[in-house]
């Protein structure tokens, strides 16, 4: 098999220590090469004129020009996949929605060196984000050789399912998993759902301090209510619960009631929250009463869990390649036989309504 060309990355951050840490992280991946670094957007612009990178890692708060302004200039003049790497405070997270709408493909917290475990997890997340950005639909696809890193399955959080009688009941539940490109894709789906829609639980790969603001943003745009999940929250019709960044989300059933458990734990399928964990809990707790949907994203988180849902009798859907920003997670699900249907993004809401037997809601201008 011929050697693949490394993904060339330009790191743009005004902090020398952050630039150094990111370069050290990227150097651990044989399929990634640091093209260069820049302390501000003006230096970065000159570097891009000399040699165009495959991916840019960009800070938001920098001297002379902020990252959002620079991102908009990049997308207007020479579109390049951009990952925002910033200190994610509650206040700063509001600006991150603007960068996603401006064209950024992913958002990461700045790696910290205060604990070894955090740095290890940051390394996995940064390198995977770069690979996902390089495969995004902003530019022609390229073959990227993936490195083999330790990866835990959902067994680390929840025991594997054992043969049991099928769950009985009529309360419909929708479980959605997404990663790269998912923030805007979820908005496209949820905005079209009426208040009478079935209860929804969502895992979107997202850093801490971001999911609460993300949920509030969607809540203001949608007819359904949307909130960041808290331990013990009930899954109710007309309500979507989003897994908090850095915590796993599990669906639980007591009698006719569904609630969620929010738990700490190791990375599963290299993520926390993990789609596999949520899907497995749905397979065990809801069976055929749940609809599983796996949307755009890099890697394979959710593919095995979706297969478990299908084996438990649940209808399952994978987003189609054409409408994905990164056709990774859905592709893996399709190849493993986990998806009963492959559906474009603009029809996923119709599948949810069909499953929940609710009338469709027209998009407003």
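The backbone N, Cα and C atoms fix where each Cβ goes, and this holds for glycine too.
Where the annotation comes from TrEMBL, it is an automatic prediction and has not been curated.
Feature annotation from TrEMBL assigns domain 'Response regulatory' to 8-125. According to TrEMBL, the feature 4-aspartylphosphate maps to 59. The feature domain 'CheB-type methylesterase' is assigned by TrEMBL to 161-353. According to TrEMBL, the feature active site maps to 179, 205, 301.
Location within the structure of each feature annotated in TrEMBL.
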residue: 59; record: 4-aspartylphosphate; CB count, 10 Å: 24
residue: 179; record: active site; CB count, 10 Å: 29
residue: 205; record: active site; CB count, 10 Å: 30
residue: 301; record: active site; CB count, 10 Å: 32
Check your understanding: What is the pLDDT of the domain 'Response regulatory' (8-125) when averaged and given as a whole number?
Key -> 87
Exercise for review: Could you measure between residue 179 (active site) and residue 205 (active site) for me? Cα positions, answer in whole angstrom.
Suggested key: 5
**Study point:** Pairwise CA distance, residue 301 (active site) versus residue 59 (4-aspartylphosphate), rounded so that it is a whole Å
**Key:** 27
Review point. At the Cα level, what's the spacing in Å between residue 205 (active site) and the residue listed as '4-aspartylphosphate', rounded?
Key: 19
Exercise for review: Look up residue 301 (active site) in the DSSP assignment and reduce it to helix, strand or coil.
Suggested key: coil
